[in-house]
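Residues or ranges marked as region 'Disordered' in TrEMBL: 1-23. According to TrEMBL, the feature domain 'WWE' maps to 32-112, 113-189. The feature domain 'RING-type' is assigned by TrEMBL to 417-478.
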């Protein structure tokens, strides 16, 4: 479910967390996210990962439903539409810890996260902000907890910059203000169902990106960022603590027997930084507090955020990871961006001066190119593709499409149909909802290529809930039957060669792709037919290296464009705007000369990753031979 959240910015409070006076505004991140002792209850919150690397919480009702299913079958599937009709297309596979959207095939990682019972989710308190559509959007769970903590302490305001957001919260007017633009939005505190409680040992939350089952670490930029941050920050924190409190810390990277960051669950997983409880958080400067962790370390290793602060020691940064220049009294040194905010907090708490510098700006576009230097891409026909309004296929009824790809099963096994969660030997859960001719609710079919079995009525309901393009996608293995098409609005795709090289591909020229989609009126296949949609940020420029694999990716992107799979109409997770053109699960590189946003170069795995994303949409090399 595409729930947006406030945008990020490179802000940092100058006051250290935990140092706000009574009655003053709060600048501290929540201390309620740390794992409580094993013999206490904790609140369970299920979360899904959006395309910006942000974990978004499901509602309390949905989490209760997932927990109930988990108790029955820890390796089963959860149909979210059974508890929330707005989530009807979504199914969670507990074995792979992924959410699957049945009508589009989109997959997103999910995780089971834990919070203190006294925090906001344990009390059923939800904080929300008003988006541009005049509807309410819940904050991320850690931000919600932070706001609630400040509210309970009767702070008049709250600075969220230490969590990576350039927003101020004013409780008197119940508003949120962007510190850069001065724009204000309303916010509200709402009582809802409390999230479920659990007891016993805490299983490791599965985090994204998930590496291969062989244990090979994931090498994507997000994981490189987080893993290198974790190693460097452990060493720096130990060094800082030895200087501040001589003799209080052993020569190790743990405090009070607990690691500063829990180990990642899954190869290369991005584990969440949890705040450690501090028994004597109010100690005076100079006192030695053996075994006590420094406060304010929660959630400061978010990938992609740019924060600035001072640091005396230099951190080892692996090649390809962007560095942030940070100045202090001893000079200037490259500091990993995710360490900057944490280091500034530590230095402020120790009374050390901090001098901030601006974060480096991404290089989005190449140098100017004359028309005479722009050339066609070798081996690719043409330089432009256009799409028009979708022509609906009227030759096949939904019943004909379902029958085309299945074989009837006379004696089905006593297993669950993973669409309706009823047994295959009983009638479909959609009995009474759909009454098509010739399809009885007890009929079971087997998909031809993969062999997975479902009620025919369930497959028909899934097809009717999708794009109705004559294709079908298996909800279990995601195998695509037929030619999958999307809901991309009309527009133009241009592609050509420019005489500049991308970082990491110095021996190659660059393929530039320009997408241009104008505003228009939504069609019958879109969320709100007849309503106007917006198209922000067009034309959008994207880049590929001009080598054999880059040209292959271009050819497949052209196929995806013709099938209307590159964009769709939905809600922007960046701005919160609804009824607007958004990317559709095929990642593009929009940053030409740097990789500060994660959407640029160098990224040695990008071409392989985008080939896999195209394959998941049914666009493979075999389509080039047809």
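Cβ atoms here come from the backbone N, Cα and C positions, even for glycine.
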Residues in the domain 'WWE' (32-112) grouped by DSSP into helix, strand and remaining coil: 19 helix, 28 strand, 34 coil
Tally of DSSP helical, extended and coil residues in the domain 'RING-type' (417-478): 9 helix, 12 strand, 41 coil
Structural state census, the domain 'WWE' (113-189) (DSSP three-state): 19 helix, 29 strand, 29 coil
Per-region confidence, the domain 'WWE' (32-112) (mean pLDDT, whole number): 83
